[in-house]
Amino acid sequence: MAHPWSLLLLFVGLCAVTHAYKEPKSFNYEQGVVKELSHCPGRYCGRTRLENGSWSACGACERGLRRDNRSACVECHDEPEFYDVLYLGFMGLLPLTFHLGCIDAAAKRRTFTYEVIALYGSAILEVGVAAVVTLLVTEPIGSFNIRSCKVRKLADWYPLLHNPNPNYEGKLHCTQEAVYPLYSMVFVFYTLCLMVMLTIRPVLSSKLMPNRGKSAIYSALYFLPALIVVHAIGAGLIYYSFPYMVIIMSVISNAAHFAFQLDQSMPGLLKGCVRDVRNLVILLGHWGLHAYGIIAITQLTEGVLHGSLCALVPLPALFYILTSRFTDPSNIG
């Protein structure tokens, strides 16, 4: 789990960034229920239309609604943009990557075996089932479509930090999910990942790897709650930075994977990538993540140009292989 000090620093940095824009403290507005729609202070405070035709007091809009320019709480009918879909895909790849890594570490084998492949398939199935159920229980229920509120700025992820206090007369509590449902559905997804894993994996691990398989399950019982905490605090920061995180981590993990190879010579590394199925699969996984980051950054707005950038994904691996003779400790002296 993340270190408490790192979470504290993340929260302090978040407060500093989201408070760069100060809400005006002096604001005259009509308090309580009003007959005619009038403006509300703050970014997220709005009024809800009542059954008798009047408007409620300024406050938080209900789930799935968001304040418009007139301070009326209106239902969101947007669809997730391409970048939003990539963000949700990244949040889905996180537990899957951790699962596969923990299974590989628990197996302690340098080759694929039937037992390891079966556990890999179980992890993919668990995450896939959790993702499908999450989409089905998100409005509109029973459909793979998503009705969402469009993300406009970083502050939309942290309305808790933007509750206004007009004229210092009292704070208006207008905390809501302004980025509905991009924030809440990730919590649902991680919870379902945990539930599905506890349903399927113990039975499978007890038959395939009775001694080592349980360590991967214990690891998941730590990293899934950790992912929930990180998402609760840093969802907005992750939303805007995940493409760069993917590229940086794919390059680092790619170099780390090569560094664990026993033969650090150029021919040895090349042969290991081609002859060893496990190394080839891991290498292709790194390339896929690198391409995912490039697509998320460019969003393929210029199809031919940005698509051609994906051809550069093998460069980090080639760079390591070509320069390995300069960094191999056995060549020192």
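Indices start at 1 and increase along the chain as displayed.
Cβ atoms here come from the backbone N, Cα and C positions, even for glycine.
According to TrEMBL, the protein carries these features:
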- 1-20: signal peptide (SIGNAL)
- 85-105: transmembrane segment (TRANSMEM)
- 117-137: transmembrane segment (TRANSMEM)
- 182-204: transmembrane segment (TRANSMEM)
- 216-236: transmembrane segment (TRANSMEM)
- 242-260: transmembrane segment (TRANSMEM)
- 280-298: transmembrane segment (TRANSMEM)
- 304-322: transmembrane segment (TRANSMEM)
Other parts of the chain folded back onto the transmembrane segment (117-137), taken as Cβ under 8 Å at six or more residues beyond its ends: 92, 95-96, 99-100, 103, 107, 143-144, 146, 185, 188-189, 192-193, 195-197, 200-201, 204-205, 208-209, 213, 216
Recorded stretch, among 182-204, 216-236, 280-298, 304-322, maximising Cβ pairs under 8 Å relative to the transmembrane segment (242-260): 280-298
Tertiary contacts of the transmembrane segment (280-298) (same chain, 6+ residues out, Cβ under 8 Å): 83, 86-87, 89-90, 93, 112, 242-247, 249-251, 253-254, 257, 273-274, 306, 309-310, 312-314, 316-317
